[in-house]
Number of protein chains: 2
Amino acid sequence: MTMVAESTVDREFGVTAPAGFRAAGVAAGIKASRALDLALVVNDGPSDTAAAVFTRNQVKAAPVLWSQQVLAGRRLRAVVLNSGGANACTGPKGFQDTHATAEKVAAALGIGAIDVAVCSTGLIGELLPMDAVLCGVDAAASALDAGREAGLAAATAVMTTDTVPKQATLRHPDGWTVGGFAKGAGMIAPSMATMLAVLTTDALVDGATADAALREAVRTTFDRLDIDGSMSTNDTVLLLASGASGAQPEPAELTGALTAVCADLAAQLQADAEGVTKEINVTVRGAASEDDAVHAARTVARDSLVKTALFGSDPNWGRIAAAVGYSPARVDPDRLDIAINGVTLCRGGTFATDRSTVDLSGRTIEVVVDLGLGSGTATILTTDLSHGYVEENSAYSS
Amino acid sequence: MTMVAESTVDREFGVTAPAGFRAAGVAAGIKASRALDLALVVNDGPSDTAAAVFTRNQVKAAPVLWSQQVLAGRRLRAVVLNSGGANACTGPKGFQDTHATAEKVAAALGIGAIDVAVCSTGLIGELLPMDAVLCGVDAAASALDAGREAGLAAATAVMTTDTVPKQATLRHPDGWTVGGFAKGAGMIAPSMATMLAVLTTDALVDGATADAALREAVRTTFDRLDIDGSMSTNDTVLLLASGASGAQPEPAELTGALTAVCADLAAQLQADAEGVTKEINVTVRGAASEDDAVHAARTVARDSLVKTALFGSDPNWGRIAAAVGYSPARVDPDRLDIAINGVTLCRGGTFATDRSTVDLSGRTIEVVVDLGLGSGTATILTTDLSHGYVEENSAYSS
């Protein structure tokens, strides 16, 4: 796979960076706070190729059920997104509301409802205020613009407990560009999908290539972000390709660019997670397989005792050893090495270095576990479990 | 199975309630606090039948590796337990230390080391102060007594972050008795075992019957306690049967009595869990199988967003629906009912009742999920995720 250096990703532009896209973000009145809460992204073509990855949660929100049908043809002209309500566990009425939203977008743009994906995020189990949503669609359609401010407004309108919008852009030397935004600060454990993210490109690409490239990019980026082990009912990643650049990249180049943009967006999600005080990267190497590496790293990343210890700047490697041991990965306790911020504290399953030599005062913590069994490697991005996380998730419904 | 009413379980007596047992708890100096930290329980017979269930964690502490070997013959004369150190991830030296501890007990009691199980609990990754341990064994052997105070001292000596000792006794009308103690306040997600627990009985029972009865009792009690999803390296449940009553219960009666005592001890562990402010019982019924019910209930019980919402007395059933949906259990979203403290908030996968009608001000919260698919039922005991849990596990190494 052709990897593109992350240094070529910038965060100044998002979905409107590639040619052929317009966007808008408006305050529709879905949120009581009157903040921006409805976003629209439109692909003006000439191509309308699209791909998507959705949550594997068995309880799927109405907009996910709708968008899965829409994406079956791998074509999309527009996506409408709202914060302020997930429209999940809302029954047939919730699905009708999603359909009506797509119809409204279609009427405003002169396209078909089948060309419109819908994404929602917010509290589960409540109906959306449809008057506000439908008026918001008209306002957003009127505000559509190809400029930088419009892309930023769209990225801002999908925020829930996020404190900052997340955008990323990669401009390929061959004349095509990938842009995108993402949202999500809690209920993040995607497993084949992620929180809401919209990616755009002006590359010329067919549906099968777009689908394969997006799946591979998501597999190694958003899928390896795990804030709290809780998989959402609404996770959706969309890719819209306009073909407006006329450039037709090799599939591996497209995959590399998408991976770089997704990795950057995932890092931004990690940095802005609920209650985060430490950004923790758990790498497992030497696993019997890549799957084993993912399982072991994910188990460590989800362990409440590991996460609270690191919140307290305590290099408690015994809790990491225990978590590796109860993971589904194959483990030989006598070959287990554990390093934190470059100091090997456990070698061959027993203590190696005084843990007081590890400095955890910084914001980033690198945990490296070597299982000594093979060549499987994976990194899961997570955060600590802090008083801020408990406060944010106990004091407010979200 | 013959169930014994829980009301017949009392908490005044523990391992010395059945005839044929002596116990002791001493301050050996393993803990810097000089609190009680070494316990000894001795079976004076005439029978020496025993059974055990151990952690399934692939990283097993030295005392678990030792005790697994000792229990292969289903006979045991004594068990020595220490708090103040888990003796896990301590390599060959750690195993030698466990062996030396068993030899010391054997010499003091005039039995073989192969008759002595060892249990340890505390910080992972550090060697025990063996001078203190070995002197403590002598002190404990001298203090052995069949009285109530001796049993309480043993139950107290195994405490780590526990705030109270946990004991339970059931006196069967047919003249035999089951007693026991347990410890554990965090790193509790046993899955085929539990934190340290020692059960005693004066029933006359063979090894195979004892083994089957203990496994069944543990499967539906300790295995369904899940405080934080973290499986320990040291979990051990032991049963010692002296036969001193001369009574030989039916296997189902024994299983019922053990289940009642284990259930009571598990409830005590739940009530004293780290940072607990709410005792939460998650029942899943209508599952396609009992395994599915356990999986779904466990996923809800482990979900950080559910646990923080309930800490905040917020009946956020949408988070429960999301957790059920990402569990490995088979789920039909359109048949999902969710009730909290008796109020059905979600019926057929959508909202049913205004959630403000639910009163969560009390300490106990009953969550009942009906999957509407079959007759599988299970309850997992857990607690909320509070500031106290984060404080306890970030500010101190344990």
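Glycine is treated like the rest: Cβ placed from N, Cα and C.
Unlike curated records, TrEMBL annotations are generated automatically.
Per TrEMBL, the features are:
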- A:T194: active site, nucleophile (ACT_SITE)
- A:T160, A:K183, A:T194, A:E274, A:N393, A:S398: substrate binding site (BINDING)
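Shown on the structure are the features that TrEMBL records.
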| residue | record | CB count, 10 Å |
| --- | --- | --- |
| A:T160 | substrate binding site | 22 |
| A:K183 | substrate binding site | 28 |
| A:E274 | substrate binding site | 27 |
| A:N393 | substrate binding site | 29 |
Filter the binding-site residues A:T160, A:K183, A:E274, A:N393 down to the ones with a Cβ under 8 Å from chain B's Cβ atoms, keeping sequence order.
-> A:N393
What does DSSP call A:N393 (substrate binding site) in the simple three-state scheme?
-> helix
